[in-house]
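*Asks:* Structure in structure tokens, see below.
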Amino acid sequence: MANLDKYTETFKMGSNSTSTAEIYCNVTNVKFQYSLYATTYILIFIPGLLANSAALWVLCRFISKKNKAIIFMINLSVADLAHVLSLPLRIYYYISHHWPFQRALCLLCFYLKYLNMYASICFLTCISLQRCFFLLKPFRARDWKRRYDVGISAAIWIVVGTACLPFPILRSTDLNNNKSCFADLGYKQMNAVALVGMITVAELAGFVIPVIIIAWCTWKTTISLRQPPMAFQGISERQKALRMVFMCAAVFFICFTPYHINFIFYTMVKETIISSCPVVRIALYFHPFCLCLASLCCLLDPILYYFMASEFRDQLSRHGSSVTRSRLMSKESGSSMIG
């Protein structure tokens, strides 16, 4: 730690996005992250935009009120679409290494990333919990009102929207420098108590509690398959519930678990609380991959809707069939005119 102090002056003269520990361990620039981010976001943007736009259109227009998870699916799609719409600006920056817009727009895009992540976590958890609860308590499902889901969704947006504000606030240093954004934003130094409190809240509310809930739902749904079916509830209904809960769990663990495991170490490295060079290197090199995996939820969630709601599949099939028929008819009419 004594040697680490020698680099303090260098750190003060250097980039705000670089911590003292990074300079000490000679990991001042993870160069591959720019091409990784740009490539990932390019691959996600078009499919994510088309899939989530189509999903939102089908969910809002065609899915019946009988589908209890519809409200949570719509909100999940909105969260994904908000992040996807910000990807062109991220792609431009990571390719050009220059931010020509206002700093406020940069921080808004940065904020939308974390809003998407934690809103997605909450809505995936709600879908799993609701599906499991209605499977175990089918009579309660009959009395459940859609306005309850609307109220829960509104509360989630308010709480998550407020809770995500520290992310752009902590990165809003050096406001006069409008040329850098996203991965190159600086970090505000925090005292250890405030930092530990922020990490604890983020990990507990944004990861640990949802993991416990989703794991419990998966366990209870699996057990229900071994029990005799209740009135008006066949084995197929339980299998559909299990498939839904399993898919929510899969999206959650693939997209969000790596980030939250690395988040603790990465934040402590940036705040110069951890100075062990092996830990510094692992946290910094792993971080870009974690963020890319988190953005992958924008592609996986529409697949979730497809397998969760039979009406969703039916509407896509009907729309695809109608498009095919219209094309065939136009070709036939064109051929008859030529003939």
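Keep in mind that glycine also has a Cβ here, set from the backbone N, Cα and C atoms.
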*Asks:* Tell me if Phe101 and Tyr285 end up on the same side of the membrane in Swiss-Prot.
*Replies:* yes
*Asks:* Out of Asn16, Asn75, which one does Swiss-Prot list as N-linked glycosylation site?
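*Replies:* Going through Asn16, Asn75 one by one, Swiss-Prot annotates Asn16 as N-linked glycosylation site.
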*Asks:* Quick one: of the recorded positions Cys106, Asn178, Cys181, which has its CA closest to the CA of Asn26 (N-linked glycosylation site)?
*Replies:* Cys181
*Asks:* For the transmembrane segment (245-265), could you work out the same-chain residues 6 or more beyond its ends whose Cβ comes under 8 Å from its Cβ atoms?
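*Replies:* Distant contacts of the transmembrane segment (245-265): 117, 120-121, 124-125, 127-128, 131-132, 199, 202-203, 206-207, 210-211, 214-215, 217-218, 221, 274, 279, 282-283, 286-287, 289-291, 293-294, 296-297, 300-301, 303-304, 307-308.
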*Asks:* Given the transmembrane segment (194-214), which of the listed stretches 69-89, 104-124, 150-170 has the most Cβ pairs that are under 8 Å apart from it?
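*Replies:* The stretch with the most close Cβ contacts to the transmembrane segment (194-214) is 104-124.
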*Asks:* Sequence-remote contacts (6 or more beyond its ends) of the transmembrane segment (104-124), Cβ cut-off under 8 Å?
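*Replies:* Residues 72-73, 75-76, 79-80, 82-83, 86, 89-90, 153, 156-157, 160-161, 163-165, 167-168, 171-172, 178, 181-182, 185, 206-207, 210, 214, 248, 251-252, 255-256, 259, 291, 294-295, 297-298, 301 contact the transmembrane segment (104-124) from elsewhere in the chain.
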*Asks:* Report, in whole Å, the straight Cα-to-Cα distance of Cys106 (disulfide bond) from Asn178 (N-linked glycosylation site).
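*Replies:* Cα-Cα distance, Asn178 (N-linked glycosylation site) to Cys106 (disulfide bond): 9 Å.
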*Asks:* Near the topological domain 'Extracellular' (90-103), which residues from the same chain, at least 6 beyond its ends, have a CB less than 8 A from one of its CBs?
*Replies:* 34-35, 37-38, 41-42, 45, 109, 172, 175, 178-183
